[in-house]
Amino acid sequence: MKIDLTSLRHEFTQSGLNRADLSSNPFEQFKLWFQQAQEANVVEPSAMSLATSDDSEISIRVVLLKYFDRHGFVFFTNYNSKKSKQLQINPNVALLFPWLALERQIKISGYVKKVNTFESLKYFSSRPKASQLGAWASQQSSNLSSRQILLSQFESMKVKFSKGEVPLPDFWGGYRVIPSKIEFWQGRENRLHDRFIYQLSEDKWRIERLAP
């Protein structure tokens, strides 16, 4: 079966991006665009596609950015998940923020390091208790014969941790994506898009315009 989508076309007309408008610091530029995405009520602006790979396979999924600073971009996950197993083999990753409502996207390339236990505990403690229990209940990426098994595991965790605080699982925590390249893309008319890439070289960020 073939479905022809060639007639689907959207002209990008919202705005442009000039070199003079860019911060010399890519994290400051990301902060500005992220704030603008929030102000524009972009759905889940913190949602980002995370691409990982091992020796034989490339995988991609959506995860949530939890915070960022000049050191990198942090997300949390199960350390026994498929993504984590791939990261043990190959720490190089790519992120993509597709803010289509603003005709923008941000692409980030770099590598990951695990955050320390204190950072993981601080974030885990801020989560709703049901989410904490879910982290304990789910053996992420393992096979499930039915949803009922997952729900039963969740109920078991509710009983197990019915009193007191839910502890941080030793198989759960954060990764920090430390970027070497950050690209800002703004859609333009006639597919002549504006693209600027920040590349880290000798501890300094170099900015270049890219052809669309």
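Keep in mind that glycine also has a Cβ here, set from the backbone N, Cα and C atoms.
What Swiss-Prot says about this one:
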- 61-66, 76-77, 82-83, Gln105, 140-141, Trp185, Arg195: FMN binding site (BINDING)
- Lys66, Tyr123, Arg127, Ser131, Arg191, Leu192, His193: substrate binding site (BINDING)
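Note on proximity: among Val63, Phe76, Lys82, the binding-site residues of the record, the Cα nearest Arg191 (substrate binding site) is that of Val63. Taken residue by residue with DSSP, Arg191 (substrate binding site) is part of a helix. Between the C-alpha atoms of Ser131 (substrate binding site) and Arg61 (FMN binding site), the distance comes to 19 Å.
Counting only same-chain residues at least 6 apart in sequence, those with a Cβ under 8 Å from the Cβ of Leu192 (substrate binding site) are Pro212. For the pair formed by Lys66 (substrate binding site) and Gln105 (FMN binding site), distance between Cα atoms is given as 18 Å, rounded to the nearest Å. Of all the binding-site residues given, namely Arg61, Val63, Leu65, Phe76, Gln105, Ser141, those whose Cα is no farther than the 10 Å limit from the Cα of Tyr123 (substrate binding site) are Phe76. Every protein chain considered, the tally of other Cβ atoms within 10 Å of the Cβ of Gln105 (FMN binding site) stands at 19.
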